[in-house]
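Here is what TrEMBL says about this protein:
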- 267-338: domain 'DUF1736' (DOMAIN)
- 456-489: repeat 'TPR' (REPEAT)
- 490-523: repeat 'TPR' (REPEAT)
- 524-557: repeat 'TPR' (REPEAT)
- 558-591: repeat 'TPR' (REPEAT)
- 626-659: repeat 'TPR' (REPEAT)
- 660-693: repeat 'TPR' (REPEAT)
- 12-31: transmembrane segment (TRANSMEM)
- 97-118: transmembrane segment (TRANSMEM)
- 156-174: transmembrane segment (TRANSMEM)
- 244-264: transmembrane segment (TRANSMEM)
- 285-304: transmembrane segment (TRANSMEM)
- 328-346: transmembrane segment (TRANSMEM)
- 358-380: transmembrane segment (TRANSMEM)
- 386-405: transmembrane segment (TRANSMEM)
Amino acid sequence: MDLFRKSNKYTFLGYIIISSLATASCLSSLFGDFVFDDTEVILNNDDILPSTPLSNIFLHDYWGSSIRHNLSHKSYRPLTILTFRINYILSGGLKSWSFHLVNIILHVVISNLSWSVFSKILGKGRNDTAFFGAVLFSVHPIHSEAICGIVGRADLLAALFFFLSFLTFTKAVARETNGWPWTLLSVVLATVSMFCKEQGITVIGILIIYDILFTLKVDFYKLVTSWSYISLKVKTVPNIFTFIIRQFILISSAGALILFRYYLMDFQSPPFQVLDNPASFEKDWLTRVLSYNYIFCLNIWLLLCPDWLCFDWSMGCIPIVNIIDKRIFFVLLFWVLFGFIIWKGLTTKNFRKQRDILMSVSLIVIPFLPASNLFFRVGFVLAERVLYIPSAGLCLLVVCGIEVLTKHFPLNKSDINLGFSLLIIVFLTRSHERSVEWVSEESLFNSGLSVCPLNAKVHYNVAISALSNGNTTKAVAEYREAIRLYPDYYQALNNLANILKNEGKLEEAEAMLEKALSINQEFPAAWMNLGVVLAQKKQFQRAEESYLKALTYRKKFPDCYYNLGKLYLEQNRLDEAEKSWRIAIKLKPTFTIAWNNLIILTSQEGNHSLAVTLAEEALKLLPDEPSIHFNMANALGKLGEFPDSERHFLRAIQLKSDNPQFHVNLGVLYHRWKKYRKAEEYYKRALKLKPNFKAAKDNYDLLKNIIEKDRKNE
């Protein structure tokens, strides 16, 4: 019985159920932070800021670099970036909950659309089956990465317009005449999907298959058994000319979009590294083919049993498969089962089953093709987010299989319903668990250790998270493990060297940085860090050379200019130090420490008025930065402008009341101003915060002598 055709009330209830399940599966992510790739795509990407020209969105890749730059990732998703900008504007800044909320809403909408998509594929009288497919889709744990990782919005938007393009196209097919506007609209929506994420263009392949199966109504069983079937079929199909024109529009549109996409990236391939996708760099073709096929198996396995979920599957996570590897058994089993499904789809006499199987398989395979490595190398081994759309095909195939079991086998329908309900509960529970893991980088990265312990990148990210949480010991251990697993991991060498430098282990830090640079000579961060180490070792000439080398590889490098300025200051090359800090500030206007150094240097040179002017400029950009208020107060005090100086000291203390230096300097101001009681109060505050603070003790002792003399004079 098709329950949802009986009453609109039941249809509305169906949407409520799907929406509730979709929301419940990922609601925990609403409380999540910006994690993993969110940092580069959102936090460090100026394209999402309203102050950046809107045109930049259409000239840059997903990461904010020029799409035509040699080192660009070549991922072109301007419409997704546009939604991030709108998110930023509406929420009033980088508030992670608002970004997560949009992703959750998108998943809810897509889950409801999947019901309509499945209904169109399955045909009349099977709305219940389509509903169960949508329910399964709404809670599938494989979706966690696309929903909970904010950058996964690209996959969500691509899926949204993918489904809308398909539903629009079904209207074109249903109309014998005047279907052209719907056809053209479906192509437009496919284009929008592609500009959200490249995978979106594959909807055109689905439209072609749908048109063949639902307009021509090709019966593949008859085609296989009778070669004359197709010629007879073509002659008997009404509006065959309309079908041909529609196919021409779809194929030519796909070709034009692919050509335009290659033109945007200047017909260059992205510069991926071995650690991103080791199998694609294998020289032996058989090893490469076997590895690819094993990865295909894993993708299907994750769709069927989404237990092993990991934020990153690169490097050593999936070892290369060779001819004597036991895992070949799984490759063979995969192709036997997949071949059986295809064979069943082509040879079953039931035309409706043919369409069910072929459309389901098409939904799995065609959207996956861009990630398959078959046409071009991709920058990952396995990515759960790219399975968002293919999972719809699997969900459809599963519910069609359940429908067959219910109708043709002596199974108790209530037992099947119970089994399906348990599956939904298991998937919902796993989705919730996974969404909780995506709340913070610490939980996300640590979850990867149990799935991919041989993945150096997982250990690398765990180390980053540990360091940000103040656990230096764990960070060092994880960086060393990452380097052990992948000795040429130059990013890990650089980061570990930074920690060792801070611990005073300069020789080991220098050796690691030199090794990192021997692996990748064009690594600006390592050149800069080597300069810092050499500067600490008083090897000023080599340090300067390292900084300048870093700047040849990254011209817009504010941190390097800042460190170069510090080097010049230590050598008493004050003009060059000032110039370096000014460049750093120009490149990064909110560079607090560069502003402070420039203000202090200017004041120390005796130009207190200019120091005040610089501080005023800085406060326009950083109005709540206590250190700038503090340094401005010092400069004003030297100019004798005590009331203004007092105001900025008090503001600095208001913003950061636990800094004893702020209190003692305000005490000195009051001391000079002859407001001795207030001076005494702030010296005492400084000593309370830092009992052994010599400057506070000395000044307080001096003040007590003055107060004592005044008392005697009275």
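Even glycines carry a Cβ here, placed using N, Cα and C.
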Contact check, the transmembrane segment (285-304) vs the transmembrane segment (12-31), 3+ Cβ pairs under 8 Å, seq sep 6+: no
Sequence-remote partners of the transmembrane segment (12-31) [C-beta within less than 8 Å, at least six residues beyond its ends]: 4, 97, 100-101, 103-104, 107-108, 111-112, 115, 131, 134-135, 138-139, 141, 143-144, 147-148, 424, 427-428, 431-432, 435-436, 438-439
Per-state residue totals over the repeat 'TPR' (660-693) - DSSP helix, strand, coil: 27 helix, 0 strand, 7 coil
Confidence summary for the repeat 'TPR' (456-489), mean pLDDT rounded: 94
The transmembrane segment (328-346) versus listed stretches 97-118, 156-174, 244-264, 358-380, 386-405: most Cβ pairs under 8 Å: 358-380
Same-chain residue ranges lying at least 6 outside the transmembrane segment (156-174) that approach it to Cβ under 8 Å: 79-80, 83, 103, 106-107, 109-110, 113-114, 116-117, 120, 146-147, 180, 182-183, 185-187, 189-190, 192-194, 196-197, 199-200, 202-203, 206-207, 210-211, 214-215, 246, 367, 388-389, 392
